[in-house]
Amino acid sequence: MGLEPSWYLLLCLAVSGAAGTDPPTAPTTAERQRQPTDIILDCFLVTEDRHRGAFASSGDRERALLVLKQVPVLDDGSLEGITDFQGSTETKQDSPVIFEASVDLVQIPQAEALLHADCSGKAVTCEISKYFLQARQEATFEKAHWFISNMQVSRGGPSVSMVMKTLRDAEVGAVRHPTLNLPLSAQGTVKTQVEFQVTSETQTLNHLLGSSVSLHCSFSMAPGLDLTGVEWRLQHKGSGQLVYSWKTGQGQAKRKGATLEPEELLRAGNASLTLPNLTLKDEGNYICQISTSLYQAQQIMPLNILAPPKIQLHLANKDPLPSLVCSIAGYYPLDVGVTWIREELGGIPAQVSGASFSSLRQSTMGTYSISSTVMADPGPTGATYTCQVAHVSLEEPLTTSMRVLPNPEQRGTLGVIFASIIFLSALLLFLGLHRQQASSSRSTRPMRHSG
């Protein structure tokens, strides 16, 4: 969010102060009133022709400001003291182009997310580019210009696309912008009016295989515009397909079970799509495209399908050393992490190296399976081996353990060897003592003298 430093600081301090207070009873959303507030965003103006709804990586871009004028925002106590955008009567060579956009004709449902993004530790990506009508229906259209702004709030925030039409209320002989060649207002802004917006609440969705998902997409349009069509398309790995379409009151599902509520579509501008019983074929980028009698805009939502792994640990063989096999089955996507840990009784757990893996297997559903094998060293008293599996579908790694004991035959052999060592040691000790006693008796025997 591109507030001037003083405004940004004031807003964040106000939010912090509101959060730090402890009122007797906090007002509910229904009790809170909406207060008209200017939302100011740092943007880039893209000066080359581009597709609707796409962001430029780099190239011909220049700095810009987007000022959404008097947007109704729920007042949580943090808006007190926030001043409206004043603009500047001086236009410098390196000053950013300022788009002043009225939102009187449409609703901005994600206004709070845009306003408080900076204070929430998030960022807003904003790009503005020229918008070209599909067909010019009136001669007066030739005297206007259109722009489309695409805004995304980071870390799972909403995404908004708005079509803005320039207003013709600039004074005769007004200063014109050097790049756009458009007349500027007395405050040095390009005055526009938002006539159409399309919003999605979440940029990326992760859902489990077999579950259901609702892909959010909503819109708001100015009076006089008619809704002509809604299309949901899926793009994945270079191919695209139509999932659902709605035109002039008729809906058609190309994907089995896909539904869109026509009453909500017409009453509240809710074009959300529901998909039941997700399969891996449902994974990809979903494009919600809304068409009106004059404008068209879209939102893109990536949907990731997840399948958590199931693990099982078993003993493969016992001779000469036991082998442990950890079977990991039914997971998606492909990447999985396997860690082996060994722990003796009363010892410190240690990671085991040298594990081998089987070839990767894929089921008819598209999920993956693999096995990991390690040679187990039970030691003299046994050891516990743990197979730990990490996957993107899991909040915490899965673990399974098995205690491995020494082979009974090996223990018997060791016992015989140990007993033999004790016997030989005792025998040697006995012989040594016997020899020592014999030597002592010879040295103490009386000597005979000849005479």
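Backbone N, Cα and C define each Cβ position, glycine as well.
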- Swiss-Prot annotation: CYS288 disulfide-bonded to which of CYS217, CYS326? CYS217
- Message: What does the DSSP secondary structure composition of the domain 'Ig-like V-type' (196-301) look like, as residue counts for helix, strand and coil?
- Response: 10 helix, 59 strand, 37 coil
- Message: Taking every protein chain in this structure into account, which of the glycosylation sites ASN270, ASN277 has the most other Cβ atoms within 10 Å of its Cβ?
- Response: ASN270
- Message: Spatially, and counting Cα to Cα, which of the recorded positions is closest to ASN270 (N-linked glycosylation site)? Options: ASN277, CYS288, CYS326, CYS387.
- Response: CYS288
- pLDDT averaged over the residues of the topological domain 'Cytoplasmic' (434-451): 55
- Say you check the Cα of CYS326 (disulfide bond) against those of the recorded positions CYS217, ASN277, CYS288; which is nearest? ASN277
- Cβ atoms other than its own within 10 Å of the Cβ of CYS326 (disulfide bond), all chains, total 25
